[in-house]
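Report on one structure; see the data block that follows.
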Amino acid sequence: MARDYYEILGVRREATQDEIKKAYRRLARELHPDINPDPVTQERFKEVTQAYEVLSDAEKRRMFDMGADPFAPGGGGAGGAGGFGGAGFPFDDIMNAFFGGGQPGGGRGPRDRVRRGRSIKVRIEMDLSETAFGVTKDVTFPTAVLCDTCQGEGTAKGSHRETCDMCAGRGEVSQVTRSFLGQVMTTRPCPQCAGQGSVIRNPCPDCAGEGRVREKVTRKVQIPAGVEDGTQIQLAGEGEVGPNGGPRGDIFLEIVQRPHPIFERRGDDLHCTVTVPMTAAALGASLTIETLDGNEEVDLRPGTNSGHVITLDGRGSRHLNEPGRGDLMIHVTVETPGKLDEEQEALLRKFAELRGEDHPPGRFSPGHGNFFSRLRGAFNSTR
């Protein structure tokens, strides 16, 4: 037998399971690699863990007491150089290659019980003027916040987390199976503590041991000018608190722009349509146009046709994260009267006669200018 496992743990050969467990916990706290990274100490920790692996298992302990090596190929037999690290067989190298550490204690160790919280998405409905110029809004949403009672620990007042008795605080349990290589030890997360190495016997009554509670919160959020429908804004570290007081996730604000009754937004430009009577289009007029900055007077030049676009520079949305604004594009539609009274019809017929336009319907001679220029000329000639 290469080593005396009782001597390694510092217990009597008649020690009870409780005495063996206490001895292992004391040594594990002193020698754990997270506390003492010295290579010599890490080897000592592996020895202690292997000793506990044997002495905490009734069958392996019986084999050891009889002078056999529980890890020897074949499940028993004389000790000596066999088993883990035995001369003439590079078992450690094989286990490291396949499992990241062949001996107990050489694996991953307890998982970090503090994890980052979940990121959440919040949809915010906004008016066009708010997306164009920016706004500060109160946003309400459900989330997970730190438990005030236990401050993220998850334990009831006066209690604390305890070392898991199934894995002895390692966060993982080992299993020996037979293979063509002999006996192979594999590890998996401890099912009792979920790989954390500790358990909560007396959980916090407010968060049920999670260290966080769910509630609705309201926050003031500054929305920059120039966002548009579908824009996402990331607020780093403002999401849900992680389990056991872990760091927060993020918040992603998704902008939903409400339709506007007048304007259509295309990028940072705004578009609208204005309908004018044919007389105003022919003779010209002054139009009152609504903009995001208030009403403005716009001149409609004589002879304007349907489809003409009037551009008001700098009357669109502000650009996102840069100076300047888009434009307002006013699309003109000329309305032709559908019904005429006798006087209106007589005037239009007179206009047609003056312009020599007594043609069959749908036939026009080229070279006489467009309809509105001729209409304007006819009216001017009668003044």
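Backbone N, Cα and C define each Cβ position, glycine as well.
Here is what TrEMBL records for this protein:
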| type | residues | note |
| --- | --- | --- |
| DOMAIN | 4-68 | domain 'J' |
| DOMAIN | 134-216 | domain 'CR-type' |
| ZN_FING | 134-216 | zinc finger |
| BINDING | Cys147, Cys150, Cys204, Cys207 | Zn(2+) 1 binding site |
| REPEAT | 147-154 | repeat 'CXXCXGXG motif' |
| BINDING | Cys164, Cys167, Cys190, Cys193 | Zn(2+) 2 binding site |
| REPEAT | 164-171 | repeat 'CXXCXGXG motif' |
| REPEAT | 190-197 | repeat 'CXXCXGXG motif' |
| REPEAT | 204-211 | repeat 'CXXCXGXG motif' |
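Everything TrEMBL records as a feature, shown here on the structure.
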{"residue": "Cys147", "record": "Zn(2+) 1 binding site", "Cβ contacts under 8 Å, 6 or more apart": "Gly154, Cys204, Asp206, Cys207, Glu210, Gly211, Arg212, Val213"}
{"residue": "Cys150", "record": "Zn(2+) 1 binding site", "Cβ contacts under 8 Å, 6 or more apart": "Ala156, Lys157, Cys204, Asp206, Cys207, Gly211"}
{"residue": "Cys164", "record": "Zn(2+) 2 binding site", "Cβ contacts under 8 Å, 6 or more apart": "Gly171, Cys190, Gln192, Cys193, Gln196, Gly197, Ser198, Val199"}
{"residue": "Cys167", "record": "Zn(2+) 2 binding site", "Cβ contacts under 8 Å, 6 or more apart": "Val173, Cys190, Gln192, Cys193, Gly197"}
For the Zn(2+) 1 site (Cys147, Cys150, Cys204, Cys207), what does the 8 A shell look like? I mean other same-chain residues with CB within 8 A of the CB centroid.
Asp148, Thr149, Gln151, Gly152, Glu153, Gly154, Thr155, Pro203, Pro205, Asp206, Ala208, Gly209, Glu210, Gly211, Arg212, Val213
Counting across all protein chains shown, how many other Cβ atoms sit within 10 Å of the Cβ of Cys204 (Zn(2+) 1 binding site)?
22
Count the other Cβ atoms sitting within 10 Å of the Cβ of Cys193 (Zn(2+) 2 binding site), across every protein chain shown.
26
Where does Cys167 (Zn(2+) 2 binding site) sit in the DSSP three-state scheme?
coil
